[in-house]
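Participant: To start, I am sharing the structure in question, which I have written as C-alpha cells.
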Ligand SMILES: *Cc1c(COP(=O)(O)O)cnc(C)c1O
C-alpha cells in the first residue's frame with residue numbers, strides 16, 4: 001500500500017472515481033432515476049492493468065476495451081475476481097471474435113449482420129449466449145461504425161434470429177458538437193429509438209441498456225436517458241499512446 005498511496009496517477013484515479021460517481025448520482029436523480037440505475041463503465045484503452053486494478057479497488061465493476069489485441073495482452077493481469085465485467089466497446093472484426101468470446105460478457109459495438117452471426121455462432125459453440133448492444137451511427141458519420149438510424153429496426157429484426165446472442169440495448173457515440181443543444185438532439189434521438197424499439201417487443205431484442213455519454217458529456221447523456229456511461233480520460237487522465 002505504501003507504494004500505491006504515493007503514486008500520483010493512482011491517487012488521482014481514486015479522487016476522480018469518487019467525483020465521477022457523485023456526478024453520475026446527481027445526474028441520475030435530476031433525470032428522475034436512482035444512482036444505481038446508471039452503470040459506470042471505464043473505457044480503459046491505453047491504461048495499464050495495474051491502474052485499472054486500482055480503479056477496481058475503488059469500486060469500479062465495468063471495464064470496456066476497444067482493441068482485441070490490447071485486451072488480450074492485459075487480460076490475465078486484470079483483477080476480474082472482484083466481480084468485474086469485461087466488455088468490448090470498439091470496432092470488432094469478425095475474425096477476432098474467437099479471441100474474446102470466452103472473456104467478455106457484453107459486446108457493445110455490433111453493427112453488421114456478419115459480426116452478429118459470428119458472435120452468435122462462437123458463443124453457442126462455447127455453450128453460452130452473448131449479451132450485445134447494437135451501435136448506432138447517430139450522426140451519420142462516415143468515419144464511425146454503427147448502423148444507420150433509419151436501418152436500425154430492420155437490422156434488429158434480422159439479427160434477432162441468432163440464438164447465440166441476446167440484444168440488450170443500444171450504444172452510440174455522437175459527433176463532436178459545438179453546441180449543447182445539438183448534442184442533446186443526438187442523445188434525445190437515441191433515447192427515442194430506445195423507447196420506440198422497446199415498445200415493439202421484437203423477439204430476443206430487449207432495450208435495457210442505453211450506452212451513451214463519455215468524459216465530456218456524461219451528465220448531459222444521463223439527463224437524456226442514458227443508462228450506461230463510458231468514461232476514460234476523466235477517470236484515468238489524458239491517454240498516453242505508446
Ligand atoms: C475512448 C472511448 C470512450 C471514453 O472516452 P473519454 O472521452 O476519454 O471519456 C468511450 N467510448 C468509446 C467507444 C471509446 O472508445
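The backbone N, Cα and C atoms fix where each Cβ goes, glycine too.
The model shown is predicted, which means the values in this text are computed figures rather than measured ones.
Positions annotated as domain 'Alanine racemase N-terminal' by TrEMBL: 50-238. The N6-(pyridoxal phosphate)lysine annotation in TrEMBL covers 45.
Relative to the rest of the structure, where do these features sit?
Facilitator: Cβ neighbours of residue 45 (N6-(pyridoxal phosphate)lysine) (same chain, under 8 Å, six or more residues apart in sequence): 65, 66, 67, 70, 90, 232, 239.
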Participant: For the domain 'Alanine racemase N-terminal' (50-238), what's the model's average pLDDT?
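Facilitator: Averaged over the domain 'Alanine racemase N-terminal' (50-238), the predicted model reaches a pLDDT of 97.
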